[in-house]
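Beneath this line is the structure, given in structure tokens, with notes to follow.
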Amino acid sequence: MSYMTPQEIVHELDKHIIGQDTAKRAVAIALRNRWRRQQVDEPLRHEITPKNILMIGPTGVGKTEIARRLARLANAPFIKIEATKFTEVGYVGRDVDSIIRDLVESAIKQAREREIRKNQPLAEDRAEERILDALLPPARDLGFEASPSEESNATRQKFRKKLREGELDDKEIEIEVAMAQTSMEIFAPPGMEELTSQIQGMFQNMGSGKRKMRKLRIREARKLLTEEEAARLVNDEELKLGAVQNVEQNGIVFLDEIDKITSRSEVSGSDVSRQGVQRDLLPLVEGTTISTKYGMIRTDHILFIASGAFHLAKPSDLIPELQGRFPIRVELESLSAEDFKQILTNTDACLIRQYQALLKTEGIELNFSEDAIGRLAEIAFSVNERTENIGARRLHTVMEKLLEDISFNATRYGGSTHVIDAVYVDERLGKLSQSEDLARYVL
């Protein structure tokens, strides 16, 4: 779980997302409140529930990016799902309970990776010993000596030195390793995902523990044995118990495209199923108990962050009960030309830096002048204004079109330097951006 202060969280988000200060502050406070709650004594701690957030804003302004970055900062069980994937219980499709099952699976995978990283040094030592045993099989104990001879120890140390220096990487050895588990795909009716996963687990357990001899190069054997030893050092029971508790206390669910399951009075037909999904979400967001193969999971303290563009619908089109479960509402603003300029240059992995790094692999040096960056921002902004507003995603299309010739002929231009200025931008994009029909289909 993250111990960062709200200011530190916003500072980290600022490295990747331009603007949207209100949304950043809201998610920063929500994340910090997770830590604050843990410091409160029982029984009051149990009564403090998370205040769920609804982010409203057009596409391409940073809603999903905030979720992606929050997942990395949170260091807590996190899952991002699309609301449109789910259907009302009884219809063909996934039911909303699978959100929590997926969250638990994600938490267990995260915990296992963390444990494996922690055990990596010990696992590498054990793998090294197994390789040395294969290279120098220990002498049989005949009862005459209490310990291995000094000569065999010296030989082992020589081989250990060669092994660490990589001199034996291409040598082939025969080792005993665990057999790879064959995955079995089982197709089940909707709503039976839990049963399906249990059957798959049963078949996997039947094949576990089997071992076989394999001939491998030491380079490959070291990697395989390290993974095997690291997995062996993990206590699965403790890991699962810890992951379940972590989900219940610190889990975060990001529910994207929630506006697509709203029901509008002038539209009928599919609205029945949409309302059904909303009603199925209600107990999940309010707090209920979900059965998973790792045990019962209570959702009372899981934080839900929902987002949607709400172009064709309004937040008030959600059923009133669900509206009440998202007390914090944040409106994200459309991006200005200045925002586009900042996105191109001022984030840690800005688009210009990405394209410079990509073309540098071909020996091409790309330099962008200030007026070129300003012109690119103006073009992206004006095309968004005159056609569909797709936010910052427009910059990807504009940059691809701008650098199409250089990218295609990169091998011919190798070792050269290209200066991109406003004149070059207008040559490549001027006509396209001025013609609404061309801009609509090309940019």
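Any Cβ shown, glycine's included, is placed from N, Cα and C.
Per Swiss-Prot, the features are:
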- ILE18, GLY60, VAL61, GLY62, LYS63, THR64, GLU65, ASP256, GLU321, ARG393: ATP binding site (BINDING)
- 142-162: region 'Disordered' (REGION)
Which state, by DSSP, holds GLU65 (ATP binding site): helix, strand or coil?
helix
Name the residue among the binding-site residues ILE18, VAL61 whose Cβ has the smallest number of other Cβ atoms within 10 Å.
ILE18
What span in Å does the ATP site cover, taken as the longest CA to CA distance among ILE18, GLY60, VAL61, GLY62, LYS63, THR64, GLU65, ASP256, GLU321, ARG393?
34
Binding-site residues compared (GLU65, GLU321) - the one with the fewest other Cβ atoms within 10 Å:
GLU321
Surrounding CB atoms that lie within 10 Å of the CB of LYS63 (ATP binding site), all protein chains:
26
Going by DSSP, give the three-state secondary structure for GLU321 (ATP binding site).
helix
